[in-house]
Ligand SMILES: Nc1ncnc2c1ncn2[C@@H]1O[C@H](COP(=O)(O)OP(=O)(O)OP(=O)(O)O)[C@@H](O)[C@H]1O
């Protein structure tokens, strides 16, 4: 038999407790002895929740299945079923309700077992009205609190997500947006500094979407020469231009049923932007030199490390295209704004690189981890990768020390001692002129220099003598000369120079901000001095 008590607005708690919002729902009292049931129902008549009585396990199951139950007061001895089994069923079904078990004198062992199985509290018969009410109320509140904490932990506790490592609050927000955006077909526009993981983000969006089984096609708009990019996206027919020896599908058709990722979208020229807009509006593409329209179903994701709205303002990016693509924006925070993520990523990278390079690194000293957290990482995760690869290749384990990471400071000290390690303007590589001589704080990181000469390892004269003996030059110098040649060959067109060198244009932009523009003669920028000193060798 199931009986119900109506709820009462009043409760037996004091004013302070009454101010806590009690979770809503019903209480199920499971008690097979009618006289006891009557007493408990009387005790409970003034609680905040309506109470249903179940006199058997079967009745209890039916009430629980009907939902909306906030708590169960469960006698462990039932005619048709063990109360412990019912408790296990509740917890196995992950039902969010508090459970208070009722046991007889002398059965403490059973109470302990019930607590282990997930009961929130227990009462030993006999007990007074107040005791029942307070125990019930506390159990409901504790359970609600524990549930909220569990949910928050589940939300916030993600240390990795589809290729991302990092449990910072900033990245939890990104993971949530990716999850929500993945369910939609709306275009996503990813922004963030170079190396923050924009491509990882695009891949995650694809993997978390219902297009995951379809193709993911990525195209770097800056890495492809302008005269080829149209055919790269839309394809071409045989004879469309010199060298078009056959029909070729473009990225759009290859991405059919999946995702098309247009990286460095702001590098696309305006004429092509118009064609892209038409593609987005009509869902059809026309191969270069062809007359037939091909229908394709793709989800667009694009990315840039520029400010796309500023590009619109400057007339380099079409406003209508911006609004078509910028439906769901995702901003990837720079690594320096991700709390301890840098350490979490560094640990994972160290393990990977040590395995790949056959080194025996086991971790970082506390000082090294602290330094990792303090460095500004202008080149973000890619820079961290370069630095750690460098550390692993050039040093021996078992621990990465501060000294192994402290490149700029050692460069600065070397300079102070007169070590000739000057950049184009006399600064040490990777360090802004203004920071080059600052000995204290290890600001923007340069590639980790070779290990300090150990006795017997270097001939007299140190690094420079070895360089001269072998005709070697620092990598940054070779890299910059190469970039300068490429830029001059392309009349200062960065994307074209990047395509020639097969690096990301952002790598060249960073160097221009750092060293100045060799074509226009523009000097390095202040912003570049602060933001462009990753000093890593050209990548991507
Ligand atoms: N949170 C992260 N955890 C682990 N690895 C990461 C993370 N973010 C980025 N990476 C890695 O860092 C490298 C750079 O990432 P990615 O290419 O996605 O950056 P990006 O923002 O697209 O860079 P760019 O603007 O220069 O093209 C990749 O090897 C990527 O796997």
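Placement of Cβ uses the backbone N, Cα and C atoms for every residue, glycine included.
As annotated in TrEMBL, region 'Disordered' covers the listed stretch 516-540 rather than the other ranges in 491-515, 516-540.
Around residue 75 (4-aspartylphosphate), the same-chain residues six or more apart in sequence whose CB sits under 8 Å from its CB are 30, 31, 32, 33, 36, 83, 101, 102, listed in sequence order. Secondary structure counts, DSSP: the domain 'Response regulatory' (26-140) has 53 helix, 28 strand, 34 coil.
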